[in-house]
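Novice: Marked as ATP binding site by Swiss-Prot: 50, 51, 52, 53, 54, 55, 56, 57. Swiss-Prot lists 37-208 with the feature domain 'Helicase ATP-binding'. The domain 'Helicase C-terminal' annotation in Swiss-Prot covers 231-378 and is backed by sequence analysis. For 6-34, the entry in Swiss-Prot reads motif 'Q motif'. Annotation source Swiss-Prot lists motif 'DEAD box' at 156-159.
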């Protein structure tokens, strides 16, 4: 039996799981699911090669849930993921698949969460743990997590964990697991380091390779925008700049559908939310309004939008980036129908660049970046639309009835020129969307590769003084990874944001040098960051984060004695330890070397 005529019932899965799948809308297994489930349900090891978006989460979650012991309240299933976003996604999938199974508890463990909350959740006895290597290793060392009863281990996106430098931590964790467990390893590629792990820890694994069937959509113009500032403000700008018949905005959660819809309604857009909490009758009414033009914008989750087919949709906005490429293809496929052209826009946070690369790789395309629509352009657009509305009223038959009201609008019976009166009425009529759009107040800190400008002692080229005079709310830190280590800005931003629970929007300029890098972070973190990142590694190298200068420094950095120690490629940190400097009559003690007895990984 091929996967095209199989159902999930064909695998002999627990009836409660089948019921949950039916509720979600899962009918037919994907190729990776059809290939993996029969082996995993029998307790066999599986080595799977499949692209992100192939449905591999269900491929391992469903058979492992089938074999779980509901009456045993200890960790039985462990899933390792490279990022906290993926950990949350996988944990949610387990919860959705097991919602009809009484007594199943799922817990996601990742950096950035408070330990006390995680300990409280661990004491409740979750059977399924999903987490990132660094935080899981911390719990193992603290003896707050026991894997002695584990029977199933999953390494999800193993090649990504290798690229991010987590493989040593993964191997350490695997040595803590009983030999009798089964292992499922999934990876888009199969480098030698991953092969070595499979040979060392897996028992005669069944190797399964699934080719991606994701195709490009030449009829859809695709672009992405790197997020900075408030996403809702940016969303309004993109909607105003685009001529569309109907738009669908994809978000990740039910709450987000309501929040975004509320914002759009406030700005005068005819929009509605579509989520899993809606009953079938209300859902059908909403879709009917979208089809006949009574509704222009729909804010939906992936699950709620299943089966959505409306020819009017000409614009798709991925407000929250999907976690896999298949979901992205399904989303943008809502436009460009019936021979029409369509447009798709993707909002990408700095920490989500990896997901963008996965989408581009799976679709074999390069998605172009766009800028936020400019203020002058938006002002022009708003004025044009407002002028159209004014013209409609000028052509109305009852306009003469309102002419008689004009004299009554003049305050205190004073004479008022008609232009001032019209301007006042215009200001009142503009509503939430001002006809005069203010210039952008948020300047995007672009995370670009910057050449090592310290060569030939050209210190002034970095202009630290002007930078810090501009922004008093950031401190400058140094980390011990640079271009010679193969590091890129995305690696640094991802690690800092992921482990430090720092929004990527709050990360300032990142500068790459030969043997180290500098990064701007919000002011006031210098006492906590060394402990937070004590074991953090990027590309398998400890970052050893150190405070260089804080925003309270008043002097001219170019006047500091021996500043070449910072600026030359031959950084002599030993000489700089606890050294005192004098600048503008103010003595500053700058500690540049932080002793790290323990280390911590993302």
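Each residue, glycine too, has its Cβ placed from N, Cα and C.
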Novice: By DSSP assignment, list the helix, strand and coil residue numbers for the motif 'Q motif' (6-34), in that order.
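Specialist: For that range the per-state counts are 18 helix, 0 strand, 11 coil.
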Novice: Taking residues 6+ outside the motif 'Q motif' (6-34), which of them lie with a CB under 8 Å of any CB in it?
Specialist: 41, 48, 50, 54-56, 58-59, 62-63, 65-66, 96-101, 208, 210, 213, 303, 306-307
Novice: For the binding-site residues 56, 57, which Cβ has the most other Cβ atoms within 10 Å, all shown protein chains included?
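Specialist: Result of the Cβ crowding comparison: 56.
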Novice: Please list, in sequence order, the residues in the chain of residue 55 (ATP binding site) that are at least six apart in sequence and whose C-beta is under 8 Å away from its C-beta.
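Specialist: Listed in sequence order, they are 29, 30, 32, 33, 326.
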Novice: Neighbour count, 10 Å Cβ-Cβ cut-off, for residue 50 (ATP binding site): what number do you get?
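Specialist: Excluding its own Cβ, the number within 10 Å is 23.
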